């Protein structure tokens, strides 16, 4: 490798300006350029530089800290930026297949700039696009070209006002009418309104809508996806029977328009059904390659691992930004010192190191984990595409699901806590909006909620492990998994016999010691959980209760009644004393300004279309 | 006690509307009305009801969730509301002395409505007002009347751009000139700008400014407080030599205008010195009732306990609001259930209970603790006012300082974590701005920073305990304190000999078991810290190093250089790669819009004065 700082490296990784950080940079035990090249590779560093430079040189992306954009202005700006990304066309569809990791890198580059932009772009191209591609069939592929030319704009509409985690209980219906060869899409009431749907608030013309499919005669075949036009692309006005609007301000990601939709007997052609998992004949007979609804749902929701792995990457990016800010601040902020006249950087204090350095380490460790899991998922997806129906492929799917569920929870929580610690470690200056730690906290926050609440996801991982343990106990099967993440559990009896015998603090610094302790802990928790679950089952609880044996809680509402101020002061629709959760929330959402109104910038979508790749020559 | 729900109680504590929460309310093991009366007392409940009703019935306080106020509009509205509080005059100065707990209750009622309002009102009346009252002398008392008629508006200016925690290192100077009998107030450079000062941004006409006092000949007598006019009350334009502006948007509390001020050789009369702790003769001789600068600083900063106890109350109020929202949501949100068709409230799930109920318990426990500590502080203050110079009084001051330092940290962190848990426990709906958990998180956040960073404060408490232990070890002195909070430590050797011998889970539910475990833990940590500190001292480290023995950190900046994106993308003045912390931050603050401009609503202060108590008859 050429000496860093010379030739091509100098252009790719220029020197930092000289200044107060020089002292620490000179003291580092390694070359940051060599580590950057080792960790990312020259090709990826160049790709990132191309994206970052394009944004920095384009006035549309100029940062204006003092502008304090209104919700509507921010959404307009975010839409214009999203359109501009199409014109730059940083990564062609071919390029995605060639080096899938670049999809993840593009996401993180856009997100490090502004997560509202990344979310808007990716919900349209990747989430909406791949739902059409992977759940639809050839008759739907014409949509793909319209997606990348922005002829249409899409969203993915699963959750409803009253249902998120329990997706099976979604209440929107799709009744098939053979006389007209149409589905009637209907929301039985406002609690079944599609809700929280990114891009639906102001922009989307089309939605992938999940609904319960009913055939003539009244039989329900469970949840299916339909592609439904919700707005006229020429005017951005809603289609007949569709009440579509914006759910309003969120804690973060406000460049993205999250929306709701209520369908009133909306008639759509039979071909709207995304029919890879199940189809209906013109006469109204249901046909599916899957045996039952449960298996079909599993297959159609299988793509959830993508979302979870993507979120890991988003959380890692946020953690990187936060520790970068806090470490540089701490290396230059001086406070107190050994004498009255001499103050030292706060990074020199043990407390500050204890607060920040574990998160710096976590940023590196989680970065590696999320990238390698992303590549495992690519391998799995290639197996799917190639029609691999081997036991290993199925086992790989389960293992990735378990790893992505736990990994998403770990990464999003670590980032959230890390950002908060960085905010506090920067003191008052960390609380100033211009320093960005607030935006990072607000934009990272939903990572613990969407694509599965973290607590619910952790249970999916523990179910996976408990299942493996049950096989081992009952059938003597080995712990073995394609990625080897559970292989160590095979020796769990001997691991549990291990005792902590390290005698000195110095020995504890050996990473093998910490690793052994973690292994012991996993084995211990797994055994305890397994035994407790069996005990509950033996004592007669059914499965549901066994996982949820209740205690202590009947007083909670009355205890809250004592400390809660009147509703007017509490000021929260979901916390009102009457408990009419959805009525209150729905009412508040509809009272917001311009909820149902078309965005003022609608011609920017309807008339001024982007020419994909038109700015590529400028890169 | 009359049966609850009848007669006067019915008016004071009316029934809740019937609805989905009825089931839980019926199942409660106690009467919420009896508990409310027991916990607060009828008088306090009535006081709260008066305040809440006034706000609810006044259109100026109407909540408009969809309004999305601009920074300037929010500040205007907050100022108008603050003025209105003077007109209601909920609590006279006499009333404060009669029942000091009402000050705390008023703060929490206003804060539960909006912390920006509470902060603006209290920074002016209590923080600025009591600084003038307790640090000044009779010649300053004329200001007090002007404060309560809003003839002037005040702020408390201690921290500077480059100094917060280390208040002794404040760099603003006050040179006395006997020829004109004036002080020259001067900021040597922008790093010494007063910064973060609440009310200074747009409103304050006067500031209590801390500066290093120099007498002719050049001797410095340390930090002193001066009352300085910074704006003309008739125009709200800055006084000559004062550059005063707004530091811009913060993560929360944006109704409050935090500001900065740079003084360029501003001449103020000799009488501007708040001279209770030290004075200067017309000829320039320094006189003080205190022996040295260190002792004087201690006395002048002694009032910090008030701020910390107030913050405890603020944090508790936020925790109450958050758990109220999350518990009511969880009791009405249904998701999953024992059968396909039946869904149960998420409050029934053990996970949800584990997440929320400890914070509900903490809200009650911390509420009691903060109120009792507030009353202890009142007792201490009365002793001070009465000139009590007993050993008990001094010891009480030290104990309260230690309790308030730890209590502020405990309460603010518990509230911050609790709010985040509530946000997540409410899923996506918790992320919707209208449901208020975001505002609570943002407004509670600075509680861990101002009036002393939590980590720094915890060290003050541990220093107190280590000091007591050293006395006990060296002199055989008993652990005894006026509030008895440390008395249990007297038997620390026998506590440390205790072993955990509880055999059943049921026994662990006995609170005595948890209490004994906590006592053991405190003794253990205290002994370990004491021994480690002695060991470090013996090994030759000086005091400063002993508390701060460094490790691992020299690589931190270079590790961050690898993962940080370019400055443009990172978008944080304090995190820029050149490390020019203050230049970058100062530049960013000055680039914000209307930083130095007078607020458009200035006549609302200068012309339309409130008549204190004019709306009292409406209560």
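Note: Cβ is positioned from N, Cα and C throughout, glycine not excepted.
Curation plays no part in TrEMBL annotations; they are all automatic predictions.
So that you can see what the record holds, here are the features copied from TrEMBL:
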ACT_SITE  A:451  active site, proton acceptor
BINDING   A:159, A:198  FAD binding site
DOMAIN    A:155-266  domain 'Acyl-CoA oxidase/dehydrogenase middle'
DOMAIN    A:302-466  domain 'Acyl-CoA oxidase C-alpha1'
DOMAIN    A:551-606  domain 'Acyl-CoA oxidase C-terminal'
Item to complete: Against chain B, with Cβ pairs under 8 Å, which of the recorded positions A:159, A:198, A:451 show up? Give them in sequence order, please.
Response: A:159
Worksheet item: To what whole number does the mean pLDDT across the domain 'Acyl-CoA oxidase/dehydrogenase middle' (A:155-266) round?
Response: 96
Practice prompt. For the domain 'Acyl-CoA oxidase C-terminal' (A:551-606), jot down how many residues DSSP puts in helix, in strand and in coil.
Written response: 30 helix, 0 strand, 26 coil
Worksheet item: If you measure residue A:159 (FAD binding site) to residue A:451 (active site, proton acceptor) at Cα, how many Å is it?
Response: 10
Worksheet, complete the sentence: The rounded CA-CA distance in Å from the residue listed as 'active site, proton acceptor' to residue A:198 (FAD binding site) is 13
Worksheet item: Could you give the number of helix, strand and coil residues in the domain 'Acyl-CoA oxidase/dehydrogenase middle' (A:155-266) as assigned by DSSP?
Response: 6 helix, 54 strand, 52 coil
Worksheet item: Sequence gap of 6 or more, C-beta under 8 Å: which same-chain residues meet both conditions with respect to residue A:198 (FAD binding site)?
Response: A:119, A:120, A:123, A:155, A:156, A:256, A:257, A:258
